[in-house]
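Q: What follows is a single structure, and I will ask about it in a moment.
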Amino acid sequence: MEDALLVSRLQFAFTVTYHYLFPMFTMGLALLVFVLKTIYMRTGNDLYNESARFWGRIFAISFVMGVVTGIPLEFQFGTNWAAFSAFTGDIIAQTLAMEGAFAFFLESAFVGLFLFGERRFGQRVHWFSSLMVFLGTWGSGYFIITTNAWMQNPVGYRVLENGNIELNDYWAVLLNPWMVWQFLHNMGGAVVCAAFVMAGLGAFYLLSERDHGYARIFLKVGVVSGVLASLWMLFPTGHFHSEMVAEEQPATLAAMEGLFETEQPAGIVILGQPDVENRTIDNPLVVPRALSFLIYQNWNAEVKGLEAFPEENWPDNIPLLYYSYHVMVGLGTIFIAVMVLAAFLLWRGRLYGSRWMLWVLMLAIPFPFIANTAGWLTAELGRQPWLAYGLFRTEEGVSPLISSGSVLFTLIGFAGMYLIMGLLYIVLMVREVSHGPQAEGEPQEEPGGVTA
Amino acid sequence: METIWFIAVAFMIAMYVLLDGFDLGAGAIHLAAAKNDRERRTIIRAIGPVWDGNEVWLIAAGGTLFFAFPLLYASSFSGFYLPLIIVLWLLMIRGLAVELRGHLENPLWASFWDAAFFFGSSLLIVFYGAALGNVVRGVPLNADGYFFQPLWTDFSPFSEEPGILDWYTVLIGLLAFTTLTAHGANWIALKTENALNARSRRISLAFSLATAALTLVATPATFWVSPWMLEGFLERPYGLVLPLLALAGLAGMILLPLSGRDRPAFFASGAYVLGMLGSTAFAVYPRVLPAVDPQNSLTIQNAASSDYSQAVGLAWWSIGMVLAAVYFVLIYRLFRGKVNLEDEGY
């Protein structure tokens, strides 16, 4: 069973991480497409409408990838984690089923209408569909985050005499305080992703001297939403989310920060490598007292280190958790710097001519994906060794009768399929991008000839 | 309350089979019915705006099953481990085929995805049929409510240890294949004109006849492997309305396709699907997963979630279904009529 546990964990980690690359982009993009379409409805500027269509096509391909890679996740609760599903089904199945009953039906109905209904049903229906697609994808996000938030911070249940649990407060689950900050933080991350892609592609078009009118729109919308969203990630959502972690999962916070000993006051480790055997940080670069202040708004507050908790309740992969967290925070800080600078240039009217800034924006495209993945890893590794924090341990959750060989077989199968799907996705993206936002059959514009 | 949820889950599964059934069937016939690229694109276009929504019924049914009967979900999903993962892979391949075929104008690209579409759709139907066959035949549940079954053993009718695929479940898989193929052909006939329409009607008739023949074989076989299937109908004879619906549908499937009434033909195959699934659900009730050792069977009582959970669920589930019905009526009305390749899309 040990092996089956390990391979099942690997399989879930692999499939969920791969899947999440797509929704983190499409949830943000759905909002930006809605913004583009709304600007078109207000101004009548056709370039905005063409932009909405172009990003709609990018959205469609990414959305299909998200749907296709998302189906296995719902199945894996039952196939690989049957004991966990049987134990918590009364609660987490509520939110998972609600995602199906509300968000999926909404999305499936309106994505098709948005993509293929414009000519047939007119602009108002098209705008309305873009709104519904936005609400549907964010609704999906809400139900999934609510499910995850319950695993992070179980609420609204009671323990029965036989040791099982059952739901006793439905609204507590739906309005879990953990969910609020996790949801707002996640959605902000999705917008950061989409904003960087949009601005980066605009920069790419300007640098390659093509599609100038569209490129300026992409830059404008991308940079404005990017600066708002990256600041939003720091405050309020990042700040209050980590206060939540400090309150509900203090051992997780200690591991994230690399804090082995309890300290008063506690500093923040900016750089350094955790040495779990000797319980120290190698090569530390520390800002004194900062952690105490950030968590308790008091420069002298005590912060509990890992030693304060029983070792069997420590997260089981402290170095990876520590690095994920530091990559997320470090990249997030860089995003703020990049976007604030770009927004400043945009405001002064110098962004479109600033080649070095355009280069930075173009090269930045992959990094929000890395930061979001690191953030998700932080949340999930931080929850270990529990599936439902403090309530149900990971090693108890695995399906009882499945051999590690069977799980390995399916893991290899998923890896192979996802590799091919990734290649196809890249081919299709490159094709869309090189074709550009121009509607088919229209004459190519002259470089620099179109006003934004 | 558990009975309401049994009906709700059965209803969602039936909706899934009824709706995704025709687009799976369309995939199974699309190489035979369409003779050139234009006709193949027409078939993809005929299911393009709706297949994704149809498939949502599977996800929503899975979620509802998990929610209403958590033990059933845990037990059956882990017990049918390999076949379920294979179903997932097939769903992925097929979904990609529908969505990606039209993205590159290259004959090799199109042929590859055509083959993937056919392969994925056909195998999925057979697997779904086999899954139903397994439920009817019963699975080797242990006292904890879990089981493990190999994918196949020896296919012998007298086998001590039948696999998930054995002679009976494959038979049901074939019945599902002919049924949904006819259903899909009826849909394509409804959505197309001229040569494609005529060919679809002929395919529909051929597979309807095969369905009738297989029904004649599968019905006694079912009562032979699971004699208890008759009990429900003997105790509650009003349930006989379901097999009668299936029979009426079957008659319509054979009589209607060639007379040019495509819509009634499509409803006839739909009625057969509903009648057969309804009969099975009715006969299985109140079990949800029959065991080889009847003591270990999962029933609506011992597999259900808590009363509070079920009661709360009923409120949002009803709202969700009303909304789903609104979306579906809307989308099917918006995209009604024959397929026109000049419109944008797929």
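Residue numbering: from 1, along the chain as shown.
Using N, Cα and C of the backbone, Cβ positions are placed for all residues, glycine too.
Because TrEMBL annotations are produced automatically, they should be read as predictions rather than curated entries.
OK, TrEMBL features for this one:
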{"type": "TRANSMEM", "residues": "A:20-40", "note": "transmembrane segment"}
{"type": "TRANSMEM", "residues": "A:52-71", "note": "transmembrane segment"}
{"type": "TRANSMEM", "residues": "A:91-115", "note": "transmembrane segment"}
{"type": "TRANSMEM", "residues": "A:127-145", "note": "transmembrane segment"}
{"type": "TRANSMEM", "residues": "A:183-205", "note": "transmembrane segment"}
{"type": "TRANSMEM", "residues": "A:217-235", "note": "transmembrane segment"}
{"type": "TRANSMEM", "residues": "A:323-346", "note": "transmembrane segment"}
{"type": "TRANSMEM", "residues": "A:358-379", "note": "transmembrane segment"}
{"type": "TRANSMEM", "residues": "A:407-428", "note": "transmembrane segment"}
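Give me the structural setting of these features: burial, nearby parts and distances.
A: Here the transmembrane segment (A:91-115) has long-range neighbours at 56-57, 60, 63, 74, 77, 85, 121, 125-126, 129-130, 132-133, 135-137, 139-140, 142-144, 146-147, 150-151, 154, 156-157, 165-167, 170, 173-174, meaning same-chain residues at least 6 beyond its ends whose C-beta is under 8 angstroms from one of its own.
Beyond the transmembrane segment (A:127-145), the same-chain residues lying 6 or more positions past its ends with a Cβ under 8 Å from any Cβ of the stretch are 23, 26-27, 30-31, 33-34, 37-38, 41, 52, 56, 59, 63, 95-96, 98-99, 102-104, 106-107, 109-111, 113-114, 117, 179, 182-183, 186-187, 190.
Through the fold, the transmembrane segment (A:323-346) approaches residues 192, 195-196, 199, 219-220, 223-224, 226-227, 230-231, 233-234, 238, 256-257, 271, 354, 357, 360-361, 364, 367-368, 370-371, 374-375, 377-378, 381-382 of its own chain, all at least 6 residues removed from its boundaries and within a Cβ separation under 8 Å.
Within the same chain, residues 4, 7-8, 10-11, 14-15, 18, 61-62, 65, 68-69, 72, 80 sit at least 6 positions outside the transmembrane segment (A:407-428) and bring their C-beta atoms closer than 8 Å to a C-beta of that stretch.
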Q: Mind checking which residues reach the transmembrane segment (A:20-40)? Cβ under 8 Å, same chain, six or more beyond either end.
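A: Residues 46, 48-49, 51-52, 55-56, 58-59, 62-63, 65-66, 69-70, 126-127, 130-131, 133-134, 136-138, 140-141, 186-187, 189-195, 197-198, 217, 221-222, 225, 229, 369, 372-373, 376.
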